[in-house]
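Novice: My questions all concern the structure below.
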Number of protein chains: 2
Amino acid sequence: MVGGGQLARMTHQAAISLGQSLRVLSESPDDSAALVAADVRIGTHTDLAALREFAKGCEALTFDHEHVPTAHIEALEAEGVKVFPGSKALVFAQDKGLMRERLTSAPTPRWRRVTDVSDISDFAAETGWPVIAKATRGGYDGKGVWVLDDAAAAAELVATGTPLIVEEKVRLKRELAALVARSPFGQVAAYPVVETVQKDGICVEVLAPAPGLPEDLAVRAQQLAIDLANELGVVGLLAVELFETDEGIFVNELAMRPHNSGHWTIEGARTSQFEQHLRAVLDYPMGETSLTAPAVVMANVLGGEPGGISIDERLHHLFAEDPGARVHLYGKQVRPGRKIGHVTVLGDDMTKVRARAARAARWLQEGK
Amino acid sequence: MVGGGQLARMTHQAAISLGQSLRVLSESPDDSAALVAADVRIGTHTDLAALREFAKGCEALTFDHEHVPTAHIEALEAEGVKVFPGSKALVFAQDKGLMRERLTSAPTPRWRRVTDVSDISDFAAETGWPVIAKATRGGYDGKGVWVLDDAAAAAELVATGTPLIVEEKVRLKRELAALVARSPFGQVAAYPVVETVQKDGICVEVLAPAPGLPEDLAVRAQQLAIDLANELGVVGLLAVELFETDEGIFVNELAMRPHNSGHWTIEGARTSQFEQHLRAVLDYPMGETSLTAPAVVMANVLGGEPGGISIDERLHHLFAEDPGARVHLYGKQVRPGRKIGHVTVLGDDMTKVRARAARAARWLQEGK
C-alpha cells in the first residue's frame with residue numbers, strides 16, 4: 001500500500017487476519033502505519049523510482065490516498081505491475097473535473113470548469129452566490145474547497161493559479177455515503193448507506209445505517225455506487241459521498257480506497273472495509289456486509305489544543321466511563337484538528353449510541 | 001510480549017487499535033508474530049540476557065506462552081521490570097503440581113505427585129485404571145499428557161525421568177472454559193463460559209456461550225475463575241479449563257495469557273481477549289465482555305496432509321461459499337496437526353453456526 005497513514009495502519013490489521021503482512025511505502029518511519037507494520041519502505045509517492053522499487057515482489061499495489069501522479073501509475077502498469085484500482089479508474093477519484101465530465105448518467109450538482117474568473121461569475125449568475133470552488137486535485141478534509149460569496153473572492157482564488165471547478169451550493173438536508181467493493185472478477189458488495197456529519201469540511205461522525213433513510217432512496221444510493229464501480233472498472237473500495245436534498249441524491253465526491261465513512265465497519269459490519277479492500281485487491285470473493293448491531297456510530301477524534309491530560313490518561317477515563325466503546329488510535333502526534341483516532345459505539349438505539357460515541361470522542365479530544 | 005506465536009500476532013493486532021505497537025521477542029524472524037510486528041527482537045525465552053535486553057524500554061512484559069523459566073522472571077522483577085502476570089502468579093500456570101497444591105478451595109480431580117512408579121500404582125488402586133499422567137511443566141496441545149492403562153505403561157513413563165503428577169480420569173460430560181481478566185488495580189471482567197471440544201488433546205472447537213449450561217453452573221464457573229484470579233494475584237488474562245461432570249465442575253488447567261478458548265472473542269465479544277489482556281497489563285479499566293451474537297463458534301484450522309490445493313486457493317473457495325465466515329491465518333508453515341489458523345462464525349442458531357464453522361475449518365484444512 002502506497003502511503004503510511006491510518007488507512008494503511010488499519011489495512012495492515014486486516015491483512016494480518018488473512019495471513020498476510022502489508023508492505024507499506026511511507027514518507028517517514030513515524031507515519032501511522034510505519035509504526036506498526038513489519039515491512040516498511042521509506043519513500044515518496046511522487047518518486048517513480050521509489051514506487052518501482054517498492055512494487056517489486058508485491059502481489060498487487062494499492063493506495064492509502066489519491067496523491068500518486070497518474071502518469072506514475074500508468075508507467076507501473078505498463079511495466080506489468082498489478083495496480084488496483086487501476087489508473088483508468090483511479091483518475092476519476094483523483095481529478096474532480098474528469099470525474100464530473102465522466103458522470104453523465106449519475107446525478108451531480110451543476111458545475112463548470114474554471115479557466116478564468118468569469119467562469120465563476122457567469123456560473124454564479126445562473127445559480128446565485130455563494131458557489132463552491134474546488135481544487136480539481138489534491139484536496140482532502142476540507143482542504144481544497146472554498147465557499148465563494150462574491151466575484152471578489154472568486155478573483156482572489158483564481159489568482160492563486162490552482163486548477164479549479166465551480167459547483168452550485170446544493171441545499172442539502174444531510175450528507176450520505178454509499179460504500180461498495182468490487183473485485184477484478186466483477187463481484188460487487190455494497191454496505192448499508194450511512195449518514196456522514198461534517199464540521200468545517202471534516203467528517204466528525206458517521207451513523208450506520210443512515211437514520212430514517214427511506215428504503216427506496218437507500219437502494220438507489222447503493223445501486224448508484226454499484227453502477228459507478230462497474231462503469232469505472234473500480235477494483236477495491238469505492239466510497240461515493242452523496243448529498244441528500246429534497247430533489248433526491250447527488251454525487252459529491254468519489255474515493256477509491258478505505259474511507260473515513262467506512263471506519264464503522266471494523267466492528268459494525270461482518271466484514272470490515274479494510275478486509276474487503278484487501279479481498280478485492282487480492283481477487284478473493286467479497287465478504288458479507290451486513291450490520292452487526294441495529295445502530296452503529298463512528299466519531300472521529302481530532303487533536304485538541306495543546307495541554308491538559310495525556311492521551312493515555314484520557315483513554316483511562318474513557319475506558320472507565322464506557323467499557324463498551326471501541327477505540328482506534330493512530331499513533332499520530334496530536335495537532336489541533338488532525339484526525340488522531342476514532343471511536344465506534346454499537347447498540348440498539350441510535351440516539352443513545354450517538355450520544356455515547358460523541359461523549360467518547362470528546363473525552364479523547366478534550367480530556368473531559 | 002515474550003514469544004512470537006499466534007497469540008502475540010493477534011495481540012499485536014489489538015495493540016494497534018490502542019495506539020500501541022507490540023514489541024515481540026521471537027525465536028525466529030519467521031515466527032507468526034514476527035512476520036507482522038514492527039518491533040521484533042530475535043532471542044530465546046530461556047536466555048536471561050536476551051530477556052533483560054528485550055525488557056529495556058518496555059512499559060510492561062507479558063507472555064505468549066508459559067515456558068519462560070520462573071527464576072528468569074524473578075530476576076527481571078528483582079531488577080524492577082514490570083512483569084504481568086508476575087512470577088508469583090504465573091508459576092501456578094507453569095507448574096501443574098504447584099497449581100494443584102495451591103488450589104485447596106477449588107474443586108480439582110483427585111491427584112498425586114509422582115516420585116516413583118508406586119505412586120501411580122497406589123493412586124490407581126484407589127481410583128482404578130486408567131489414570132492420567134501429566135508432565136508438571138511444558139505441556140501444551142496434548143503434549144505432556146498420557147493416559148496410562150496399567151502399571152507397565154506407568155513404569156515406562158516414569159523411566160523417562162519427566163517430573164509428573166498423576167490424576168484420576170474424570171467421567172466428564174464435556175469441557176468448559178471460564179476466561180477472566182484482572183487489572184493491577186484489581187478490577188476483574190469475566191467472559192461468558194464456553195464449551196471447548198478437544199480431539200486428540202487439541203482444542204478443535206469452542207462454542208460461546210456453552211450450549212445448555214444452567215445459569216447457576218455458569219455463574220459458579222465465572223465466580224471460580226474470578227476468585228482464582230484474585231487469590232493468585234493474576235494480572236492479565238486467566239483461562240480456567242474445566243471439566244463438567246455429574247458431580248459438578250472441576251478445574252483441569254490454568255493459563256495466564258490469551259488462550260485458544262478465547263479466540264472467539266475477537267468478533268464474538270465486545271472486547272477481544274487480546275485487547276483485554278493488554279488493557280489489564282497496561283493498567284487500563286477492563287472492557288465489556290458481552291456477546292455480540294447469540295451463538296458464536298470458533299473452529300481451529302489444523303495443518304492437513306501435504307499436497308492438494310494451496311491455502312490461498314482454499315481461502316478462495318471458503319470465501320465464495322461462506323461470505324460471513326471470519327478467517328484468521330497465522331502465517332505459519334503447514335505441518336500436519338499444527339494450528340495454522342482459526343475460523344469464527346456468528347449467528348442466531350448454535351446448530352447452524354457450528355455446522356458453518358466446521359465446514360469452514362474443513363475447507364481450509366482439507367481443501368474440500
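Cβ from N, Cα, C; glycine included.
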Novice: If TrEMBL says A:LYS96, A:GLU167, A:GLU168, A:LYS169, A:VAL170, A:GLU175, A:ASN252, A:GLU253 bind ATP, which of A:LYS56, A:LYS134, A:LYS143, A:LYS199 does it name for the same site?
Specialist: A:LYS134
Novice: Mind checking which of A:LYS96, A:LYS169 has the fewest other CB atoms within 10 A of its CB? They're the binding-site residues.
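Specialist: Relative to the other binding-site residues in A:LYS96, A:LYS169, A:LYS169 has the fewest Cβ atoms within 10 Å.
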Novice: Quick check: in three-state DSSP terms, what is A:LYS96 (ATP binding site)?
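Specialist: The three-state answer is helix.
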Novice: Quick check on the binding-site residues A:GLU167, A:GLU175: which one has the highest count of other Cβ atoms within 10 Å of its Cβ?
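Specialist: Top count of Cβ atoms within 10 Å goes to A:GLU167.
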Novice: Taking the residues A:LYS96, A:LYS134, A:GLU167, A:GLU168, A:LYS169, A:VAL170, A:GLU175, A:ASN252, A:GLU253, which the record names as binding ATP, find the longest CA to CA distance and state it in Å to the nearest whole number.
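Specialist: Per the listed residues, the maximum Cα distance equals 18 Å.
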Novice: Which residues in the same chain, at least 6 apart in sequence, have a Cβ under 8 Å from the Cβ of A:GLU253 (ATP binding site)?
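Specialist: Within the chain, A:GLU253 (ATP binding site) has Cβ neighbours under 8 Å at A:LYS96, A:MET99, A:VAL240, A:GLU241.
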